[in-house]
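Here's what TrEMBL has on this protein:
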- A:30-55: transmembrane segment (TRANSMEM)
- A:61-81: transmembrane segment (TRANSMEM)
- A:88-108: transmembrane segment (TRANSMEM)
- A:114-133: transmembrane segment (TRANSMEM)
- A:140-159: transmembrane segment (TRANSMEM)
- A:179-202: transmembrane segment (TRANSMEM)
- A:214-236: transmembrane segment (TRANSMEM)
- A:267-289: transmembrane segment (TRANSMEM)
- A:301-334: transmembrane segment (TRANSMEM)
- A:346-366: transmembrane segment (TRANSMEM)
Amino acid sequence: MVDQPSGAPVADERIQRQSGLRRAFVRPELGAMAGAVLVFVYFAIVAGGTGMFAADGIMNWGVVSAQFAIIAVGACLLMIAGEFDLSVGSMIGFAGIVIALLSVHMGWPMWASIIAAFIVAMLIGAANGYLVIKTGLPSFIVTLASLYILRGLTIYLSISTTRQTIIGGVREAAQGDWLAALFGGKVLGFVFSWLADMGWIATFQAGNRAGQPVVDGIPMLMIWAVALIIFAHVLLTRTRFGNWIYASGGDARAARYVGVPVDRVKIAMFVFSAFCATIFATCQVMEFGSAAADRGLLKEFEAIIAVVIGGALLTGGYGSVIGAALGALIFGVVQQGLFFAGVESSLFRVFLGVILLLAVILNTYIRRLITGER
Amino acid sequence: MADNPLIELIDIKKQFGPVIALNGVSVSVMPGECHCLLGDNGAGKSTFIKTMAGVHKPTSGEIRMNGQKIDFANPRDAMAAGVATVYQDLAMIPLMSVTRNFWMGREPRKGWGPFQFLDMDRANQITLEEMRRMGISLREPDQAVGTLSGGERQTVAIARAVYFGAKVLILDEPTSALGVRQTANVLATIDRVRKTGVGIVFITHNVRHALAVGDRFTVLNRGKTLGTAKKGELTPEQLQDMMAGGAELAELSASLGGTV
């Protein structure tokens, strides 16, 4: 050990300060921030008068964005750790069917069904990770296999037990269940009642809910999304484990050499991805009151696109949770905004493809700025 | 220079199946010494330092630290004993900041229980401090390692190893991919670290780099030690000859006008 120098460090006059602009430019979430602003400005102009930015309109795209955000957070940490999970969509369908089968078909209490679904899904996530680590195969291939295996199993399980691919009756089974309320309920209803009483948000004018506010609370889905974003952001930027996530994705061999448990980190991120997928599935099952074997189709790609728009590199080691959340917000706003603006909804996919391409090009450029590669 | 070697490797043999990679290599490193390990490609340099770093277990032979026989089960063991290795290509992660690289695997934390967070202020401050000691002024500690030159990256890796208590520092061809100026910087760093009492094993196949900082020189050829010489006992030409098998190279060298 070298002896420590005495005295506090002094500022070095030879250090040239970088301009704030340039520093901001190499932040991963910058592109997503600019994109989000653009998207809001655009829809404020073309759909400003349609109620898109009234309370119920905001809730509309807010919920969709929150759905994207929940799976994007899982995909984000996993991608920064250098891996993909293509089985997220299948996992959503699978976890939903597991909950419905156990609770409705087998008569388990709802809380036990939910916990069981989480355990099974996270075990599958761990198995994905373990296979990737042990075989050394690209996670792309391993999780592509689980995409098919899980989807097939989900349909098989559902049909062989109930002869249907949709299992209803979940809402009835969830009545009064403490854990189900954590996923299906709404909170802060009184705030919205108060806001409506003050005349700040609209109320229904007719029908059996006349006089009630158009928004009667914040769905737990949104609470989960915000909680996951905060948790993942703090984990990534403020903890030792977060540094290990960056290191595992940046260069697994270099990380191993200094003692970072790369295998454990990667497997943990696969488990976290499965955890996020199961939260998504549970919220969806509670909202619809049913589970269907085809739920979650293509969600894995939407999650990955949101993460990439958020500035993460497909090669791992770089990215941000806030960016991924903004990517999810852009998604939700555009998907619902096109509806408000009366634009043909199939154009949403065109938009996705184009923005994905732009994001990847921008990210590659930023990567060069950071690393000084030519 | 103290008389007791920090680390001694005695008659190390290593076989990979039928291939004999090392056939009786002995090297010792004194505190504050820069021991240069020279050899052409395939001479067994990598196998030897990996044995020293705990990556390989020797088939036979003995490793002693401070006179005590010791076995390294894995690189962590070796690191815990104070043997640190800076590999040429896997020293740093370019996309991560200098601070995050410096502390990777040993991040300082504050807080309690499940709420232990990175102590970034302290990490940044110590990183800046250690880098300045090595003669590098960083623009800021959160700049990415990718913005540093190859020589600076080596220096960060060396500073990291020294800060975390390396007693023996193995440098695997730290200068082989560098330009002239950067090489000079790394050699200066080696000199600076040596003066703090750390023993350095400097692997290279460049005789001039070795002679610039080396105190002793060991030449490996085909898995064997060709001998260890002190500074001043050998001319660059003799070293070069030993490395590449004498006569052949002399012939080659002559045909190239003595420039090899």
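Glycine too: its Cβ is placed from the backbone N, Cα and C atoms.
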Where, among A:88-108, A:140-159, A:214-236, do we find the most CB pairs under 8 A to the transmembrane segment (A:30-55)?
A:214-236
Beyond the flanks of the transmembrane segment (A:88-108) by 6 or more, those residues with Cβ under 8 Å of it:
71, 74-75, 114, 116-118, 120-121, 124-125, 146-151, 153-154, 157-158, 161-162, 167-170, 173-174, 273-274, 276-278, 280-282, 284-285, 290-301, 303
Would the transmembrane segment (A:61-81) count as touching the transmembrane segment (A:214-236), if touching means at least three Cβ pairs under 8 Å and pairs must be 6 or more apart in sequence?
yes
In the same chain, who gets a Cβ under 8 Å from the transmembrane segment (A:214-236) while lying at least 6 residues past its ends?
54-56, 59, 62-63, 65-67, 69-70, 73-74, 76-77, 80, 181-189, 192-193, 201-204, 242, 245-246, 276, 279, 283, 287, 320-322, 325, 328
Give residue numbers and ranges for long-range contacts of the transmembrane segment (A:179-202): same chain, 6 or more residues beyond its ends, CB-CB under 8 A.
54-56, 110-111, 114-115, 171, 212-221, 223-224, 279, 282-283, 285-287
Give the nonlocal contacts of the transmembrane segment (A:301-334) in its own chain as ranges (CB under 8 Å, at least six residues past its ends).
27-33, 35-36, 39-40, 43, 61-69, 71-77, 79-84, 88-89, 225, 229, 232-233, 236, 246-251, 348, 351-352, 355-356, 359-360, 363, 366-367, 370
Cβ-Cβ under 8 Å with the transmembrane segment (A:114-133): same-chain residues at least 6 beyond its ends:
83, 85, 87, 91, 94-96, 98-99, 102, 108, 139, 142-143, 146, 150, 179-180, 183, 263, 266-275, 277-278, 281-282
What residues elsewhere in the chain lie close to the transmembrane segment (A:346-366), defined as a C-beta under 8 angstroms and at least 6 residues from its ends?
25-26, 28, 30-31, 35, 302, 305, 308-309, 311-314, 330-331, 334-335, 338
